[in-house]
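Asker: Dumping what TrEMBL says about this protein:
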- 86-144: domain 'Rubisco accumulation factor 1 helix turn helix' (DOMAIN)
- 156-265: domain 'Rubisco accumulation factor 1 alpha-helical' (DOMAIN)
- 285-432: domain 'Rubisco accumulation factor 1 C-terminal' (DOMAIN)
Amino acid sequence: MVSLTATILKSSLFTPFTQSTTHGFPTNPITRPVNPAPHTLTVTANVSRKPQNMIPKNPPARQNLYQPFRPPSSPVPPQFRSLDSAGKIEILAGRLALWFEYAPLISSLYAEGLTPPNIEELTGISSIEQNRLIVGTKVRDSIAQSLHEPELIAAFDTGGAELLYEIRLLSTTQRVAAATYIIDRSFDSKKAQDLARAIKDYPSRRGDVGWVDFDYNLPGDCLAFLYYRQSRENKNPSEQRTSMLQLALDAAESEKAKKKLEKELHGGGEEEEKVKVEEVKAVTIPVVRLKFGEVAGASSVVVLPVCKAEEGERNVLEAPREINAGGDFKVVEAERGWKRWVVLPSWKPVAAIGRGGVAVSFRDDRKVLPWDGKEEPLLVVVDRERSAVESGDGYYLVAGESGLKLKKGSVLKEGSVEESLGMVLLVVRPPREDDDDWQTSHENWE
């Protein structure tokens, strides 16, 4: 409500016909009184609408979202950053530093407009060598960032570009293992190339004779398997076959692979070949990659307690078995408290799971799927009610020295193992946008 007050002065006007004299002189016929009587006028108005876009009394503090531009750090070593093009060319032409120190100067000259032929003409470094230096530097940096072993990194200070260039297609973890193996065995660039090719090729050879006897996590075993396959391309017996088997034995790292190769060298390995082939082909593990938003869009879900593989069998045994959903809101209630839980869609392998369902988390999938590890975590869904080892083709969760692991039923039966922690129903990979090759349909599992 707004109140306005105005004061109106009432004038006493003399008519022109009225004469007034003051001290004998005529006065102005129109004169206002000295003390007029005030009149008050009050105007009242109701304001019923709120003004739009009113600023609150206590506005929330605004978050400063502005971030100043920070240019990326220059790959050029600090001692060379002040050089002009002529100075950089002089460093490259004279090789006046270690190879990984002057290699960034090549990329810097590219940015300044020089082409590989121009640099080759000015410095004597061929276009192929320029590419090898640039790529080798990037591989070296990736190894240095993931591994704090100055001695290993320093081993590539001389002539390391040729070696590191050959392992460029490997993952960071594989690069570290391959680099260590290369230095330990004093490999040249040709052998480093064979090693990288063997590591990349090994997963695709699943099902080949002898594949199960080699360890994918060991670069030496991958190289040994390459030589072993090449040995089988020669007649038995023959000098070429024996020579390739000896190379494989020298390259192998695991005891299992060495025993396999020794049998091949001294005879007795041919009898197991057909059995090994059938065994590998029979290995089937249901694997599915979870999609982004798949749980939210599922019509029904399954809630499971989660145990870490490295914590051993005790947690698997103590995890809740009874998990019920009741009431109008289907509130989930477990028989005992538990720290970690996971919600999964009701896929066919887990839809009918009853008491005893549990999910075991592995930090590295290479320990579960060694033939095609992607260096990512996994969840293995296990039915603890089916702990008896009955199926030779199935996989079971068992306790090992370094934690929990999966073993095939036929292997457990050979060792007279009748009980396990549970049968594996499903292996779940985390969602990832850049991997569409893994099956996501849950209707065509074997």
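Glycine residues also receive a Cβ, built from the backbone N, Cα and C atoms like all the rest.
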Asker: Averaging the per-residue pLDDT over the domain 'Rubisco accumulation factor 1 C-terminal' (285-432), what integer do you get?
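Answerer: 85, rounded to a whole number.
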Asker: What is the number of residues in the domain 'Rubisco accumulation factor 1 helix turn helix' (86-144) that are helix, strand and coil, as DSSP sees it?
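Answerer: The counts are 48 helix, 0 strand, 11 coil.
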Asker: Using DSSP, what's the helix, strand and coil tally for the domain 'Rubisco accumulation factor 1 alpha-helical' (156-265)?
Answerer: 78 helix, 0 strand, 32 coil
Asker: How many of the residues that make up the domain 'Rubisco accumulation factor 1 C-terminal' (285-432) does DSSP mark as helix, as strand and as coil?
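Answerer: Looking at the domain 'Rubisco accumulation factor 1 C-terminal' (285-432) with DSSP, the answer is 29 helix, 58 strand, 61 coil.
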